[in-house]
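Student: I have a structure here, written as structure tokens, and I will follow up with some questions on it.
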Amino acid sequence: MADLQTQMKQAVALAATDQVKNGMVLGLGSGSTAALMIQEVGARLRDGRLTDIVGVTTSFQGEVLAAELGIPLQSLNAIDRIDLAIDGADEVDPAFELIKGGGACHVQEKLVARRAERFVVVVDSTKLVERLNLGFLLPVEVLAGAWRQVQAELQQLGGSAELRMAQRKAGPVVTDQGNLVLDVSFAGGINDPAGLETTINNIPGVLENGLFVGLADQVLVGEINDGVAGVRDLVKS
């Protein structure tokens, strides 16, 4: 039997997939919960419950999975619209502000989220926080030749920034765009996500950071009640 966290992820992935309609251009997110959603979309295409779906992926990993499942794919440049994007998050606060980028895919994730007519975030209840960055580091994608300079400027903003190192190769993590990632912690968390998102992105050498502000239209939360997995439609505050 799946553990409780997996059950929560499965429940919320199914609930999100129920919003997918025939003929949609669908933003396919990254991460473990989004992967379950992609698998369900593939299953519904195979058995005819869904037809004429076109996917736009947010990571190479998601592209591989979707292709294996037979989901037709297009690049972001090849489509005029995204009807619905479904993606996970590493942290979600009560105002639907997010930190994403644990998988170093936040640049493409943000591009897809901004293009989407509707952006639905799928998380399990462990991802809900009162303030961002108290438990999860903020990813900042930087040009390889500028990471030390950006690190210094982030420190001037009060952040502690470390270069993300790879787990199964020597050296740093390299993003799908060929850049590096600084993981940043701010003492006391982030009290102004919108302002900090803009400030960081204005640092020369920064491509994008993992703060997603004003993008999420809905947050679906997988949770366990009385031992049974269910889904809550989070109310924005």
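Cβ coordinates come from backbone N, Cα and C, glycine included.
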Student: Among Lys21, Lys127, which is the one Swiss-Prot gives for the substrate site where Ser30, Gly31, Ser32, Thr33, Asp87, Gly88, Ala89, Asp90, Lys100, Gly101, Gly102, Gly103 also bind?
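Tutor: The record-listed residue among the candidates is Lys127.
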Student: Would you say which of the recorded positions Ser32, Glu109 has the most Cβ atoms within 10 Å of its own Cβ?
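Tutor: In terms of Cβ crowding, the pick is Glu109.
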Student: Around Lys100 (substrate binding site), how many other C-beta atoms are within 10 angstroms of its C-beta?
Tutor: 29
Student: Distance check, please: Cα of Asp87 (substrate binding site) against Cα of Glu109 (active site, proton acceptor), rounded to an integer number of angstrom.
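Tutor: Given the Cα positions, Asp87 (substrate binding site) is 8 Å from Glu109 (active site, proton acceptor).
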